[in-house]
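Trainee: Please find one structure pasted underneath; my questions will follow.
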Ligand SMILES: NC(=O)c1ccc[n+]([C@@H]2O[C@H](COP(=O)([O-])OP(=O)(O)OC[C@H]3O[C@@H](n4cnc5c(N)ncnc54)[C@H](OP(=O)(O)O)[C@@H]3O)[C@@H](O)[C@H]2O)c1
């Protein structure tokens, strides 16, 4: 049963009766807050049931505000006034164990935990959308009313709503963006716009440089002579199904000559040593260094040069190619980054990337993040490159070898502290479009240097350190190195 908005006056009487006008809440009383949340939802075009849920969202207390107006055994009383649909939403909002549920709420296999019953399940998409909308209305109201809350929680909220963005209506997301991005960033992080250095403006670096420039940041690309000249003259031209076709203006130099708030490192591993000469440690200032290379050994090189605390390794999921200096073809319908490190330190950076259109997650476990990518990538790269075959051909014609190599990579990953799931990796390979080629294979076809050592070599070295036998990987590496 859905109840029309005309139930509002009756709900307000009930709220007063239960004492909502006497409960202190940021900016005044709980009742005033509840009314503003309903008004905000109305301004976003929410249907009556969602507005009524907004007006009543604190009836059973929430994970962020414990005071409740009604015990759970009296749910029927609220349902009688606002209707079953709105009441179910109030319960869902109240019962959310935020710490457990927030991280995956936007994912198709979201794991929502009911803090009252302890049950974990995947709610349907409609319910998750309502939840996100209600959460945004609630948090934005407090952020607007209470500057101290906004100061303390603004960055976390930006990260949260960037994560929930796929669930939010356009108006809710716009409000999140405007209300929260004008807040000062915590922890002394740089105010907007950021100065971002990009070492290696190729497929990955060029795409990110262009997106960050388009989002209003100052971007300095650091590259060789020819690329520097091309970028200064023509900027970066991006062709992308996901982001559209656009040209971005960037600065370019052959060396970084001033501090940056963030330095993205996106050269190939084969060029890392010489490229780092262009990034003197003394010049970088306090900026965060985020390498996006595939592999697991480069973070140690960077920490050695720039200081351990400065480096936050990322992994990127994208298919993007530099077809000429400053010309980027972005083919994948997704662009996702996982940043590894402390959440509160990286939240502003994640928000910056999200704001530019890059889906970004912060994960604490660097080893797990880097190994998850390598253990998946290595079999794909080595087999497609060795045999000059697409993934479709490899997974049918060389199935046994693929399975053996995936098992070897998973065993090494586990020995390094990052358990890997063989069945899941194989299922992902099977789901790839049959004609997919690895970037190592494309490099081989074009006669470019291969990241063989960073991918296969790193796997063999880790296997040796941990005494894990990897005969298939050893044979493939020997054959590939002989080519
Ligand atoms: N491309 C993808 O879709 C993708 C996806 C996931 C991960 N990755 C990983 O991301 C990393 C970068 O790959 P990518 O495909 O973006 O490579 P890329 O297109 O070859 O770009 C590398 C860039 O580095 C520049 N460079 C090379 N040597 C340099 C030096 N000594 N100093 C300064 N700049 C130098 C190149 O300059 P020029 O323009 O002058 O050649 C180029 O712009 C790799 O580790 C790759 O495995 C790539």
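For all residues, glycine too, the Cβ spot is worked out from N, Cα and C.
Because TrEMBL annotations are produced automatically, they should be read as predictions rather than curated entries.
Source: prediction; values computed, not measured.
Straight out of TrEMBL:
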type: DOMAIN; residues: 14-98; note: domain 'DUF6817'
type: DOMAIN; residues: 196-332; note: domain 'Ketopantoate reductase N-terminal'
type: DOMAIN; residues: 368-478; note: domain 'Ketopantoate reductase C-terminal'
Trainee: Could you give the number of helix, strand and coil residues in the domain 'DUF6817' (14-98) as assigned by DSSP?
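Mentor: In the domain 'DUF6817' (14-98), the DSSP-based counts are 50 helix, 6 strand, 29 coil.
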Trainee: Would you mind giving the whole-number mean pLDDT across the domain 'Ketopantoate reductase C-terminal' (368-478)?
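Mentor: Averaged over the domain 'Ketopantoate reductase C-terminal' (368-478), the predicted model reaches a pLDDT of 95.
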Trainee: Could you give me three numbers for the domain 'Ketopantoate reductase N-terminal' (196-332), the DSSP helix, strand and coil residue counts?
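Mentor: Output for the domain 'Ketopantoate reductase N-terminal' (196-332) reads 42 helix, 42 strand, 53 coil.
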